[in-house]
């Protein structure tokens, strides 16, 4: 097989065993840098798949949705499923021999963990964010990282609408009071949202969906984005963040975690907001300066806030997790009036998690079986058409290498004994990725080609799919 750490076998024996039926568990295998695709007579396209897919080991952490587990098991992979995240020390041991890992937001794939990942070729983040992964080092190791940028957009947008109504009516405080036995029926400081202005910072997949929902509720929508983006409905793009803060009754953040967005809402920005306005953050925990938020709440500058994400978050559920030892300002924040706090539940709906499971597991499968890197967040995006039934003696070369001059010439010289049916190469920073389909392949020529590719000084990772 092509996966590092797989069992070695005789290439010719493995090729001779190709048939329309799945191989039995005692079949010989290709060398540990080769994969064999099954053939299906009812389909014109040939799907590249491991000859012995049960040798591909996948680790799923953090209770990834069952849709992903089912998809990956249907491919014949060996899948280990855990409901919790793992500490760095535990993961350093657990990740050895693993070819693909699936995580959510709690597991940290640090440089130390990735250095221990001796067989890893791909990472699936079953969420939007990827800041829990050392993306640059993963790319240096030839490890592609995929996420789910679209599947939970509706769930987050709906939650924000709920926040807007709850903040305007002080629902959070009234609920807490009644839980304590206190009856406090008041209208002071409670508002309808119709006719108010929602300011959206970041008009991407979530921000634009929120825009549509908000207008349906009677809100006026303005937005700020670093890129010019065509509005949906009657929304209006503003030219600066201060202008948005000055005009909006509700400010909702939908930006990624980056050095540019760290503490982008701090004391200066709170001072620019309207008196009695509201802040909502369901994006990333580093975006809002929480001590500045506490000050703005206590001073009455803002009338309330809803926070779903935090700079530091617990690794798992349970009591006494959201405490000052996690974030020094926790106690102050929890005592502020009309502050809704939720435990990072923006994408936590059955629909979102199901769709995320499907989206990411399919991306993992495409990369493992075909080398398709479209949608990777840290990696050159390359895809070739599927091989057909007519391509009986074709192989697919997947070559990750350093982005230096002369590599394509060196690789194409190694293809001298083969016909190049199709080829595509792309680069991203210091990493480049070449995918080529070659014909006139024999077991011996593939073995020799693999050895030559591995010997190139620019090589990061080599796989051959057959």
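Each residue, glycine too, has its Cβ placed from N, Cα and C.
Predicted, not measured: the structure shown is a model, and the values here were computed from it.
Pulled from Swiss-Prot:
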| type | residues | note |
| --- | --- | --- |
| COMPBIAS | 1-15 | compositional bias 'Basic and acidic residues' |
| REGION | 1-26 | region 'Disordered' |
| COMPBIAS | 16-26 | compositional bias 'Polar residues' |
| MOD_RES | 87 | phosphoserine |
| BINDING | 205, 206, 225, 282, 283, 284, 308, 344, 345, 346, 347 | NAD(+) binding site |
| MOD_RES | 258 | phosphoserine |
| ACT_SITE | 284 | active site |
| ACT_SITE | 313 | active site |
| ACT_SITE | 344 | active site, proton donor |
| DOMAIN | 396-466 | domain 'ACT' |
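A coil conformation is recorded for residue 308 (NAD(+) binding site) in the three-state DSSP classification, outside any helix or strand. Checking the recorded positions (87, 205, 225, 258, 308) against the residue listed as 'active site, proton donor' with a 10 Å Cα-Cα cut-off leaves 308. Remark: residue 308 (NAD(+) binding site) has 159, 281, 282, 342, 343, 344, 345, 346 as non-local neighbours, by Cβ distance under 8 Å and separation of at least 6 in sequence.
When the recorded positions 205, 258, 283 are scored by other C-beta atoms within 10 Å, 283 scores highest. Counting in whole angstrom, residue 87 (phosphoserine) lies 14 from residue 313 (active site) by their C-alpha atoms. Neighbour count (other Cβ atoms within 10 Å of the Cβ, all protein chains): 18 for the residue listed as 'active site, proton donor'. Of all residue pairs in 205, 206, 225, 282, 283, 284, 308, 344, 345, 346, 347, the annotated binders of NAD(+), the farthest apart have Cα atoms separated by 24 Å.
Nearest Cα neighbour of residue 347 (NAD(+) binding site) among the listed recorded positions (258, 284, 313): 284.
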